[in-house]
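If you check TrEMBL, you get these features:
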type	residues	note
DOMAIN	17-292	domain 'Deacetylase sirtuin-type'
ACT_SITE	141	active site, proton acceptor
BINDING	149, 152, 200, 203	Zn(2+) binding site
């Protein structure tokens with residue numbers, strides 16, 4: 001492996017035991033038997049890069065706070081909701097965008113290079129698989145590093161939008177209170193009140209991150225594409241996801257229908273535990289590098 005060792009950030013990783021040698025052997029056998037592996041990753045693969053998730057026991061956002069992510073309908077309907085979202089996102093962006101892939105991301109990239117990994121689907125919007133160099137990949141829920149106009153569809157980079165924010169809000173300052181999983185931070189209504197949000201430069205429309213917010217759906221075209229990649233695969237590995245969200249879970253159901261062997265690597269229970277061939281509860285960044 002050409003995996004560079006980086007020290008994991010375990011602040012948002014639930015406590016778990018080190019990998020059991022028997023489990024390592026079982027996963028090794030599973031991967032060795034796979035010729036065209038379909039991998040689905042979730043927030044649990046990025047927690048070791050210092051990005052919190054929503055659902056982890058004790059350390060996830062839902063366990064630590066009463067905050068909930070923005071809903072799609074609220075963002076589209078309410079200018080004040082967009083102002084609040086973008087103000088929080090503006091403050092959180094420099095830190096969120098600086099997160100780097102961890103060992104688990106790099107291992108999956110290496111499996112792709114070796115021809116072992118047929119396709120990777122991530123439910124994450126943090127671009128860490130892209131930063132790691134993965135190419136045979138679908139970002140199921142989009143990516144926070146891109147922004148598009150709801151009216152004309154024009155796309156810009158999120159880093160470019162940061163410059164527009166800075167130009168519009170030269171004297172606006174706010175201190176962040178904790179980072180959320182999707183890169184925003186917690187601000188008070190008072191802090192948000194005077195924050196200016198730019199419109200689309202081409203048509204004056206509403207700018208939105210290129211991500212599927214809660215309450216929105218993944219495009220049928222993308223779903224079809226992922227089903228095609230799954231149909232070409234001979235096994236499925238779920239890494240770092242409880243699979244509570246249906247948009248990802250549907251592919252596990254499809255894999256079960258095709259009678260593909262399914263392995264799960266996740267700390268804590270998942271929605272697939274009762275029909276998986278193999279369930280492992282180690283950290284992704286600790287167990288995956290042990291597989292040859």
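Every residue gets a Cβ built from N, Cα and C, even glycine.
Shown on the structure are the features that TrEMBL records.
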residue : record                       : CB count, 10 Å
141     : active site, proton acceptor : 23
149     : Zn(2+) binding site          : 19
152     : Zn(2+) binding site          : 11
200     : Zn(2+) binding site          : 19
203     : Zn(2+) binding site          : 13
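Note: the CA-CA distance between residue 141 (active site, proton acceptor) and residue 200 (Zn(2+) binding site) rounds to 22 Å.
The Cβ centroid of 149, 152, 200, 203 marks the Zn(2+) site; residues of that chain outside this set whose Cβ lies within 8 Å of it are 150, 151, 153, 154, 199, 201, 202, 204, 205, 207, given in sequence order. If you take every residue in the domain 'Deacetylase sirtuin-type' (17-292) and average the pLDDT, you get 90.
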